[in-house]
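J.: Dumping the structure here so I can ask a few things about it.
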Amino acid sequence: MDANTSKPLLLNLRAMFYLVLPSESSYEKLEQVPNFVDEAFPYFTCMVLLEAVVLRLQGKDWPRINDGINSMTHGVLSLLHSLLFRSIELLIYVWIYDNYHLIDLPWDSGVTWFVAFVLFDFFYYWFHRFSHESNIIWASHQVHHSSEDYNLTTALRQSLMQKYYSMCVYFPMALIVPPSAYYVHQQFNLLYQFWIHTEVVHSIGPLEYILNTASHHRVHHGRNPYCIDKNYGGTLIVWDRMFNTFQAEGEKVIYGLVHPNQFWDPLYGQFHHYLYILGLVRKYDSASDRVSAVVKGPGWEPGKPWRGLTEDLPEVEHPVRKYDKDIPTWASLYVVLHFALVLGGYSALAPHKEHLSAATSLGCVAFIIFSLTSFGALFDHKRWSCAAECLRCAIVVGLLLYVRGPIEFEPTLVSGTFVFFLLSAILWGVLTVLQYKFYVVTKKVD
């Protein structure tokens, strides 16, 4: 079967475990390469649900709704640039390859496929390591480590900014690897790392010596002192063994940042470490200390080594108290439902992004960001969250009233969506009024 004219059976599912052959995943031209990541979304959803069931069968708690939605929220934020811009990374990579590549590797050769696989994973190891050992890159990568839970939704917790750092590390591959092979393995490497974000799988036997696995990656996500700056591999763990950054799983791993986040605000979660670095730059007097605060490790301070001192790492408290704000179960389920609608809207929009005007694309991105921020505010119990959600739903109602005229939609779908968002707006409008009255009464009592 020709890989360029017909897709082999379950290729997208097998790609998530790198169980693919060169003959079925080699492409002559970059534009022929499928978007494996987008096409894997149904598998992401099914595996997240399956993991939750298995966890319950193992006697463990259900994944937390607020943490899971927050992880997926960061994943959506990391994709929004694609509605506004073409892939800068691929444009630059193609330009370097077209002008400066040193050898011509045939696109349909198994050797080319294997070279691309090994080189991408090698460069991934080094970028991943840099992202932990340089504060400015850590500012983007810390988003992925900010979850205090560890499940398949954690894999979706991605950074808005990280791709603009990582692409610079991969450009040397353009001297050798054709763009189509590069793009294939860029996606396969990312997809492979989805399944390793779980506590369901304990070990996969002898393959633990070669592959990056759930056990190895649990260590990487730990904030226990023994876990810090270990196991950077993407698909292979051999780089960590070669460069002395490997650590086997030992005592129970406690997940998250050394100083855990105390909020669900997705935008602040994306950028708060940049603000922290800015504070360090303002704090230090000498130019060398200011530069060091930006480029050296997150644990660096004047007079300390590049990555800081291990003894400065705080011990994990026991029992572990994860950040949480109690909100009614119905409110959590409400956020899940509305998040699914936002995700569905993005999925419907993404394939047609090239036909959208700049104003429409910008408006859609702004509304998605506003929606995700509103959901975070509800989970955080922010005072303004009810008003924000009322406004968000009212905007949808207004838009549906508008599109009924100039654009033809399925009448039943539009009417049902209109009623749903109208009732939602009324609900949060009433809660806003009640919240305001309670606040006024409380202030008077004080």
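Every residue gets a Cβ built from N, Cα and C, even glycine.
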J.: So which range, 35-55, 77-97, gets flagged transmembrane segment in TrEMBL?
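T.: Going through 35-55, 77-97 one by one, TrEMBL gives transmembrane segment for 77-97.
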J.: Which range out of 109-127, 331-350, 356-378, 413-434 gives the transmembrane segment (77-97) the most CB pairs under 8 Å?
T.: 356-378
J.: Kindly report the helix/strand/coil residue split of the domain 'Alkylglycerol monooxygenase C-terminal' (333-400) according to DSSP, in that order.
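T.: Secondary-structure breakdown of the domain 'Alkylglycerol monooxygenase C-terminal' (333-400): 62 helix, 0 strand, 6 coil.
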